[in-house]
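Quick notes on the structure that follows.
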Amino acid sequence: MSQVLPSTIPAALFHERADAIALTARELAQHGWTPATSSNFSMRVDADHAAITISGRDKGKLGRNDIMLVNMDGKAVGTDSRPSAETELHTQVYRRWPEVNAVLHTHSRTQSVASRLFAKHGVIRLEGWELQKAIHGHTTHESVLDIPVFPNTQHMPELVAQVDAWLDAGKPLHAYLINGHGIYTWGRDMAEAQRHLEALEFLLGCELDLRRLNA
Ligand SMILES: [Zn+2]
């Protein structure tokens, strides 16, 4: 299905974003973090639009034509393709942080297990790990990094409201888990978003290992 762009968005800009999303998706799929066509990825295109993965595509085989344009309400623009069911969670991030330009959502085994284990606390507290410094604004392992775990639902407005409530309480947010589901994180560019995702995957794995070892 073809993508018709608004006159304000140059084709080269959209293609650059689409290619960057597809490349990252293929890399993350190679890690095994996007099983069974799950996960979704996006980049901001301008103040009013984002490029996002089309629903249901194999993330290990993504190309430019698997990416579509949406507005900041998460609605398709210039295409009949269907965006991911979770598009509203991406556009929420772009609306809340004008400086954020990439959002990544994956369903790795580590993320899924950690979300189940910590759901009863509603949060995973990361403290004392050197790799916390990979998260923007964190300069020491002595800082505290809280990753909330929100209950899963197929009704996106409920999830959006949970994220809003966390932020409106004035709590910092660099990522969140959804129980039994996966993780969302983001960055000012794709490289930063990917660094956040890789660091969090590693740190969640460390927390799970400590519990396996009963340490
Ligand atoms: Zn998902």
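Every residue gets a Cβ built from N, Cα and C, even glycine.
Pulled from TrEMBL:
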- 19-208: domain 'Class II aldolase/adducin N-terminal' (DOMAIN)
- HIS105, HIS107: Zn(2+) binding site (BINDING)
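All chains included, 21 other C-beta atoms sit within 10 angstroms of the C-beta of HIS107 (Zn(2+) binding site). If you take the C-beta of HIS105 (Zn(2+) binding site) and look for same-chain residues 6 or more apart in sequence within under 8 angstroms, you find SER39, ASN40, PHE41, GLU86, LEU89, HIS90, GLY182, ILE183, TYR184.
The DSSP secondary structure for HIS105 (Zn(2+) binding site) is strand.
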